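Report on the structure given below.
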Amino acid sequence: MSNVTVCVRFRPLSHKERKTNGDKVCFKRLDSESFVFKDEREEDVIFSFDRVFYEDAEQSDVYNFLAVPIVADAISGINGTIITYGQTGAGKTYSMEGPSILHCNKQKTGLVQRVVDELFQSLQSSESMAMWSVKLSMVEIYLEKVRDLLDLSKDNLQIKESKTQGIYISGATEVSIQNSSDALECLSEGIANRAVGETQMNLASSRSHCLYIFSVQQGSTSDERVRGGKIILVDLAGSEKVEKTGAEGRVLDEAKTINKSLSVLGNVVNALTTGKPNHVPYRDSKLTRILQDALGGNSRAALLCCCSPSASNAPESLSTVRFGTRTKLIKTTPKSISPEVDSIKKPIPDSHGQNDLRDRILNKLRLSLKEEDVDLLEELFVQEGIIFDPNYSVADIDSACQDAASQEVSLLTQAVEELKETVEELTDENERLRGELELAQEAAAAAAAARADGALLGFVPAVAISSLLRPFGFVPD
């Protein structure tokens, strides 16, 4: 068991904060792990964390303490998650991405760029791993829908769970990346697609929770082992007070959804730290469902609580550090996860074992499929040279097949939902056109009646009548 690593970062005072409150701050520095903060009753409270980063801390300080151990574990096959949390405008996205994902000096680069560099440096320098691969996915949770930032046509992805993968986002685009440059270009594309908006507290406020997902897989030179790890970086949207942000309209709706999901996150943390693990409301929001493994499963986790140092934001900063204090009590059980069976296609000397496993799989499939379908699959296995590792059981491969089927069903479900929306739009358009047609028919009937009475030409020019009725297929003689 291990605790979630929790750090607090105070950003420098902004120009607006200095103009309003001068250099007054809401905390008193003690050391690298503790500070004093006044609560609602103006009483001094000492808060302690794994590390406190004050205004003069560098981006590299945050990365070296918070992220380096998680990257090392991911390369060793243990999943890791890093979450930035805090009030809107507190520096979460700056800590995660820096001022720009592509164009900023080395000193200011954020956690994302540094994780990418560390991953490829470690993998390329490893002598024990003969082969490796890194895949990148990037999604956002916007208005409680999971959207693929690398393929905007996928705007309602489903969250699934399996024995081999744990919690995963079904159908999310996975891009194979070969080096840091490829990764940053891909990340830049995803960031450009992210939902942002302007508020009184932040000119480029994130309106969604963003997840950067790096999947690492390696094969050993000494044996046939293949191990995989995953790093998930989570840039949460900030909690907001409407009276401070001035949100209205759609921005207000976004704020309500953001605050609700963060409230559920707080409920999950409370449930995990108050001795009621059987009643953890992971499914109450998309965010907590995705973070289920990080907070209560087999992943190593770290939390960076970002705070404004200004006295004007003291209530929000106090709420943030209290959330960090509760999160620090969570215990997880990090362990290595085997990669998906269907991703392992490497030569294995024991052909007898391969054939035996293939036959057992086909026999199992015969229980649920037609005989002719199984025969076609057998031909496909032989023609395509699909290899089965005898080290994996039928149950393992069956689980992997079920995962693949679940992903396909998710994509089909999404397509059906999109078709339903299209049908609804066409139905509305059809009703509108039907109404216009009825009006045109009434106008044509009235015109015919007026003409019969010899009164039409006395008050409406014939040209005007022709122009009015021509779009509907009625042209007066």
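Backbone N, Cα and C define each Cβ position, glycine as well.
The feature domain 'Kinesin motor' is assigned by Swiss-Prot to 3-330. Taken from Swiss-Prot, the feature ATP binding site covers G86, Q87, T88, G89, A90, G91, K92, T93. For 402-451, the entry in Swiss-Prot reads coiled coil, with the evidence type sequence analysis.
Around G91 (ATP binding site), taking its Cβ as the centre, 20 other Cβ atoms fall within 10 Å, counting all chains. The Cβ of K92 (ATP binding site) lies under 8 Å from the Cβ of T84, Y85, G86, S206, D235, L236, G238, L304, C306, each of these being in the same chain and 6 or more residues away along the sequence. Secondary structure at T88 (ATP binding site), as computed by DSSP, is coil. The 10 Å shell around the Cβ of T93 (ATP binding site) contains 25 further Cβ atoms across the protein chains shown.
Within 10 Å of the Cβ of Q87 (ATP binding site) there are 24 other Cβ atoms, across all protein chains.
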